[in-house]
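Asks: As annotated in Swiss-Prot:
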TRANSMEM  1-21  transmembrane segment
TRANSMEM  39-59  transmembrane segment
TRANSMEM  71-91  transmembrane segment
TRANSMEM  99-119  transmembrane segment
TRANSMEM  133-153  transmembrane segment
TRANSMEM  173-193  transmembrane segment
TRANSMEM  208-228  transmembrane segment
TRANSMEM  239-259  transmembrane segment
Amino acid sequence: MNWLEAFILGIIQGLTEFLPISSTGHLYLGRHLFQLDEAGLFLDTMLHIGTLLAVFIYYKKEFIYLIKNPFSKLMLLLIVGTIPAVVIGLLFKDFFEDISKTGITIGWEFLVTGFFLYMADKQKNGRKKMDDITYKDAFIIGSFQAAAIFPAISRSGMTIVAALWRKLDRETAAYFSFLLSTPAIVGAIILQFADVFQGKAESISNTSLIVGTLSAAFFGYIAVSWMIQYLKRHSLKVFAYYVWGLGIIIITLQYTHVF
């Protein structure tokens with residue numbers, strides 16, 4: 001893999017991690033385009049580190065607060081919201097890894113993501129701010145996040161949808177969704193490093209790794225800040241239409257054996 005391919009994959013990871021269109025699904029397509037085995041598993045890990053850096057930079061005040069106040073309500077909300085994904089991930093890790101490798105359901109998963117994004121805008125706007133989020137809210141939002149263990153189910157999309165259904169206001173829904181992404185991204189990095197140390201990763205140059213990581217961090221930061229502002233006044237339907245179109249194209253190509 002050359003540095004330009006790593007740069008492009010970094011853009012894909014950075015933007016799609018925080019736009020509600022599934023980063024894993026798009027990375028799968030990117031890997032297929034560049035004909036990469038296992039994506040370059042180590043590169044995948046570094047791309048996730050890039051998006052983690054983006055979240056840390058954007059939420060630096062919140063993370064400083066969490067470090068100083070490890071037993072705060074915000075910390076407990078993040079823990080409660082992470083529990084469903086941890087449980088599902090540990091119980092069904094091998095099953096979902098097999099699905100991710102084959103990509104056989106990816107088109108249908110994009111369609112499911114689109115359905116939830118479309119239905120979310122049917123809800124009346126809520127008024128809950130960060131201080132109003134309950135542990136029940138966090139658990140339900142986290143349960144939707146657990147569904148994103150399927151490769152083309154958008155994590156940010158599902159958590160934003162769940163947050164809107166729990167009557168968080170639109171800005172807070174995106175804000176909490178991205179904050180909740182931190183434990184999920186850390187978990188993905190840990191699992192990927194485990195596979196790397198087992199020798200499953202292909203060799204990639206240091207230049208490509210650095211370029212991919214910085215690209216993911218830069219475009220991830222842009223996506224976080226843009227999406228929070230976008231959701232204040234705009235609909236999720238445009239993303240629903242996009243993933244529906246993408247899903248239909250993928251299913252068609254799979255059934256005609258082109259993809």
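Keep in mind that glycine also has a Cβ here, set from the backbone N, Cα and C atoms.
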Asks: Sort out the residues at least 6 away from either end of the transmembrane segment (208-228), same chain, that have Cβ-Cβ distances under 8 Å to it, and list them.
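Replies: The answer is 1-3, 5-11, 13-20, 42-43, 46-51, 53-55, 57-58, 156, 171, 174-175, 178.
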Asks: The transmembrane segment (1-21) and the transmembrane segment (39-59): do they have three or more Cβ pairs under 8 Å, with pairs 6 or more apart in sequence?
Replies: yes
